[in-house]
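According to TrEMBL, the protein carries these features:
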type     : residues : note
TRANSMEM : 32-53    : transmembrane segment
TRANSMEM : 59-79    : transmembrane segment
TRANSMEM : 160-180  : transmembrane segment
TRANSMEM : 192-210  : transmembrane segment
TRANSMEM : 273-296  : transmembrane segment
TRANSMEM : 333-362  : transmembrane segment
TRANSMEM : 383-402  : transmembrane segment
TRANSMEM : 408-433  : transmembrane segment
TRANSMEM : 453-474  : transmembrane segment
TRANSMEM : 480-501  : transmembrane segment
Amino acid sequence: MVGVTGNTATDSAEKRLNELGYKQELRREMTLFKTLAISFSTMTLFTGITPLYGSSLQYAGPAALVWGWVVVCFFTWFVGIAMSEICSSFPTTGSLYFWAAHLAGPKWGPFSSWCCAWLETIGLIAGIGTQAYAGSQTLQSIILIATGTNKGGGYFAPKWLFLCMYIGLTVIWAILNTFALEVIALIDVISIWWQVIGGLVIVILLPLVAMTTKSASFVFTHFELAPGSTGITSKPYAVILSFLVSQYSLYGYDAAAHLTEETKGADKNGPKAILGSLAIITLFGWAYILALTFSIQDLAYLYDENNETAGVFVPAQILYDAFHGRYHNSAGAIILLFVIWGSFFFGGLSITTSAARVVYALSRDKGVPFSHLWRKLHPKHKVPSNAVWLCAAICILLGIPVLKLNVIFTAITSICTIGWVGGYAVPIFARMVMPEKNFKPGPFYLGKASRPICLVAFLWICYTCSVFLLPTLYPIDWNTFNYAPVALGVGLGLIMLWWLLDARKWFKGPVRNIDNQNGNV
């Protein structure tokens, strides 16, 4: 047990934090509901499904998309349950990075935490970019419809303005994250109600407003390839790609773990927030997919470059067809698109919060260049403001190629998913192979079920990361090439080279900030 001089920890999670060698620095005032709100806001109802819905629908038709959500949810629950057990045992703000170090043991701990920390950092920062890009795309569609649609001479934002919207959202999130934690928590509480109420409105209202709805046989059994558009003729390959929307949407539930040092009773409430947010997104996500799919008027027309939304944003066209078809105006579609845009805004804000916490934790342990800058807390608000702005700056750099490349969103999405979900694999694998006697369980403990659950979770993560490296369009050329393998190969290669040449000599993983130790953890 680690002794703490001059500080008596009354919260169970704070006591465990002290045992692990960390003193309480961040303000522990977040309740289960607030933590759940931030976790759910990071996953979000709309932000994963909406931007990839059109492409996933096109690959293999509605049946593969609809049932793909069910399949992916089933395996994702194994990941969520495995992570909840670990979160209950290690309630620290470094979360995955800290878990990997302690679960892997003294020999492999530093390397495990190094890999996990950088994967997670890459995934989270790219995640800010995905929200900024998709939010800008939604705003682009709102402006186009509001100014007369593509058919009526509406204004379609050019690339330079698109980039300005992308940068603007990123900067706003960074500014908000420099305020007190209570402000962020309050906004995220608003977010959960925004998405729950907005989600219910869209799920219920959209099929009712649509002039016609597709049959159940179309939604649940219709399988259709689009080789003319995607270049893909293999049915199994098309189905694999149609699952991408679900795999991209179902992560982010670890956000609760990033805030455990700021959450009351985090060893109990952290797992509850992880599983609670996963349960909500499982049910609401499928309902949202069904609402969109049942409301399709003309499947082929959704992708027509001459349609009202220029064929670039399928959910926007579905909403437009439904409201304009019944009411002969697009006001309802614009309002619901604004609800969806709000989801991107809240999601980006939450991911910025999580990304900054991970950079702060890694900097605290001297794992980032110029760590002394990024680990500084704001003197008044006690938030890692320098880390916030570092994440924002890198995110903006990721978005600049949008001026020249049309496939930048594919690359950012793939980098985000592989980094974020790949970071889950390291502590889960370490938990699976470690001797059970070395694991100190928290209140949420799986017992003998732990290893089988971790095995399924680990294999699923490996599969998920693999499919996001695949080409998504054929034939492969500069306009269709998935740049994620190159970007990740270069980035991770440099990080591993840094480890081999230098970092392995001094990086030891999480650094204790309680010096007075009376025993071993």
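Cβ coordinates are placed from backbone N, Cα and C, and glycine is handled just like the others.
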- Select the range from 160-180, 192-210, 408-433, 480-501 that forms the most Cβ-Cβ pairs under 8 Å with the transmembrane segment (383-402). 160-180
- Message: Please report, as numbers and ranges, the same-chain residues at least 6 past the borders of the transmembrane segment (192-210) whose CB is under 8 Å from any CB of it.
- Response: 36-37, 40-41, 44-46, 280, 284, 287-288, 290-292, 294-295, 297, 318-319, 321-323, 325-327, 332, 336, 339-340, 342-343, 346
- Query: Between 59-79, 160-180, 408-433, 480-501, who has the most Cβ pairs under 8 Å to the transmembrane segment (453-474)?
  - Reply: 408-433
- Maximum Cβ pairs under 8 Å to the transmembrane segment (408-433) - stretch from the list 59-79, 160-180, 273-296, 480-501: 480-501
- Report, as numbers and ranges, which residues of the same chain sit near the transmembrane segment (59-79): CB under 8 Å and 6 or more residues beyond its ends. 53, 214, 218-226, 230, 232, 235, 238-239, 241-243, 245-247, 250-251, 278, 282, 285-286, 289-290, 293, 296, 424, 428, 453, 456-457, 460-461
